[in-house]
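Structure first, commentary second.
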Amino acid sequence: MDLFEYQAKGLFAKHNVPTTPGRVTDTAEGARAIATEIGHPVMVKAQVKIGGRGKAGGVKYAATPDDAYEHANNILGLDIKGHVVKKLLVAEASDIAEEYYISFLLDRANRTYLAMCSVEGGMEIEEVAATKPDRLAKVPVDAAKGVDLAFARSIAEQGHLPAEVLDAAAVTISKLWDLFVGEDATLVEVNPLVRTPDDQILALDGKVTLDANADFRHPDHVEFEDRAATDPLELKAKEHDLNYVKLDGQVGIIGNGAGLVMSTLDVVAYAGEKHGGVKPANFLDIGGGASAEVMAAGLDVVLGDSQVKSVFVNVFGGITSCDAVATGIVKALEILGAEANKPLVVRLDGNNVEEGRRILTDANHPLVTLVPTMDEAADKAAELASA
């Protein structure tokens, strides 16, 4: 889960990472009030989960509360690379002597953690890596040893930070590591990490990505979910522990196992090319179980998308046998009743497939078409969606 900047800075405060005071608002009047409360020039910053805010006009300096009001009026509603600005962070402006870069991330390729540090902050780190690779330190981190002050100082030194700020930077870097580990993050990035004229080190911007697989350890992380910006169908799926991602097509997809669902998306997209460009409407993985309740929840989510014209249920029976899946489909249709109003194309294979097919055949539901192969089922679902 990617966090907004103001949420990341909330975690900075929790872990004693020095930053500038500020608050979030969704109105221009609120921006003026916060600027008045701070009593100093402020930065008015669009809160979107995308880079390039400054170049798009989403970050402005305001010398007075009235300036903050004017900038907020201009930024709210701004479209930044497809992200519409609904919230603003109004934070105290800081005098900047130098800008640095620091991040901790999960290095999947090398199966380790990585610290990245550079004296070249305030610009895209990809640009630094491409044009000044010698100025970007990439330091592997042993999770068992962590990052103490000595190692944090070494990271800063390898990033070519000036000698006079190494000790102060080390304190901040070690606290960022504490955040990274303590909050189960996969990314903690500060760009810029600034040096003020009096040699303070401040995190002026922040990017944090949290590992959703660790949510059970962090019940407080639920507050970071931007429910207003999340698709309501995705929220409904999450309530049932279903893995759902809404797409922009017309064929609803339900499968068990991420690999099978991804393959199903491909075959439906291919089949749709000869049926007017029909495409998959979603990714929905119901996991290893396909009980009536799970299937009903999945169908309810998929059919809640007004773009869906047909549904392709593609299940391979493993631990959960095909007869159990078929029974689940029949009972799910009974549970949903009139809400199940789109044609279903069902393909079953695997454990006890013949019994599963018999159950669906005997049920003789008018919306269900049983098809033996995945390619044929994808073609039929695309055909029905294009009708």
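Backbone N, Cα and C define each Cβ position, glycine as well.
Now, the feature entries from Swiss-Prot:
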DOMAIN    9-236  domain 'ATP-grasp'
BINDING   Lys45, Gly52, Arg53, Gly54, Ser94, Glu99  ATP binding site
BINDING   Asn191, Asp205  Mg(2+) binding site
BINDING   Asn256, Gly318, Ile319, Thr320  substrate binding site
Spatially, and counting Cα to Cα, which of the binding-site residues is closest to Glu99 (ATP binding site)? Options: Asp205, Asn256, Thr320. Asp205
Residues near Ser94 (ATP binding site) by Cβ (under 8 Å) yet at least 6 apart in sequence within the same chain, in sequence order, are Thr20, Val194, Thr196, Leu202, Leu204
Average pLDDT across the domain 'ATP-grasp' (9-236), rounded to a whole number: 93
Find the shortest Cα-Cα separation between Gly318 (substrate binding site) and the binding-site residues Lys45, Gly54, Asn191, and name the residue that gives it. Asn191
Among the binding-site residues Arg53, Asn191, Asp205, Asn256, which residue has its Cβ surrounded by the fewest other Cβ atoms within 10 Å? Arg53
Based on Cα distances to Asp205 (Mg(2+) binding site), point out the closest of the binding-site residues Lys45, Asn256, Thr320. Lys45
In the three-state DSSP scheme, Asn256 (substrate binding site) belongs to coil
Where Gly318 (substrate binding site) sits in the secondary structure, as DSSP reduces it to three classes: coil
For Asn256 (substrate binding site), the one of Lys45, Arg53, Gly54 that lies nearest, given that the binding-site residues are compared by Cα: Arg53
Please report the Cα separation of Gly54 (ATP binding site) and Asn191 (Mg(2+) binding site) in Å, rounded to an integer. 13
Can you tell me how many other Cβ atoms are located within 10 Å of the Cβ belonging to Ile319 (substrate binding site)? 10
Could you tally the C-beta atoms, other than its own, that fall within 10 angstroms of the C-beta of Gly318 (substrate binding site)? 12
Could you give the Cα-Cα distance between Arg53 (ATP binding site) and Asn191 (Mg(2+) binding site), in whole Å? 13
